[in-house]
Amino acid sequence: MTLILGIDPGSRITGFGVVRDGGRGCEYIASGCIRTGSGSLPERLQAVYRGVTEIIRSHGPVTMGIEQVFMARNADSALKLGQARGAAIVAAAEAGLEIAEYTATQVKQAIVGSGGADKRQVQMMVMHLLRLVQKPQIDASDALAIALCHAHHRQSLIPHGLDGARRRGGRLRL
């Protein structure tokens, strides 16, 4: 059984989700949001780093899936998102976690079956797959979807010795 951390990065709200992959489906462990407040960007990035570090310490995942940066309409927003991703990746790398990155389309395809699914469709499918009674917050739901996507990809890659994945900078590119 493998504990998987999913991260939906953001400079103001970073969603997280932890699931246990037992090979025949995943079990919900925890989810929530790291809210960084209205401080300066360095303070918010530090809050993301510390929050992810605490989640790793509390739950002990061995691997992490994180969403890749998408092309935002605003270049400044994309840069801040990339910096928040970096803070989360450094926290995971320091803890020795295996890190894999997924596009939003890959996550939606793995969870809903359509790369064009909206956030509510993803949220409802996450609830169904993890047998949740209450709706998780949207950012937490996205993070749980990333964790589930990572579990799915790990299952499909393990029998092949991760031959289908490329390592770049210590991270798996799928």
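Our numbering is plain: 1 for the first residue shown, then up by one each step along the chain.
Placed from the backbone N, Cα and C atoms, the Cβ positions cover glycine too.
Annotation comment: Swiss-Prot describes Asp8, Glu67, Asp139 as active site, evidence class sequence analysis. Taken from Swiss-Prot, the feature Mg(2+) 1 binding site covers Asp8, Asp139, and the record attributes it to sequence analysis. Positions annotated as Mg(2+) 2 binding site by Swiss-Prot, on the basis of sequence analysis: Glu67.
Here the features listed in Swiss-Prot are painted onto the structure.
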residue : record      : DSSP (3 states)
Asp8    : active site : strand
Glu67   : active site : strand
Asp139  : active site : helix
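Here the C-alpha separation of Asp139 (active site) and Glu67 (active site) works out to 12 Å. Local packing around the active-site residues Asp8, Glu67, Asp139 was summarised as the count of other Cβ atoms within 10 Å of each Cβ; on this measure the leading residue is Asp8. The two recorded residues Glu67 (active site) and Asp8 (active site) have their Cα atoms spaced 6 Å from each other.
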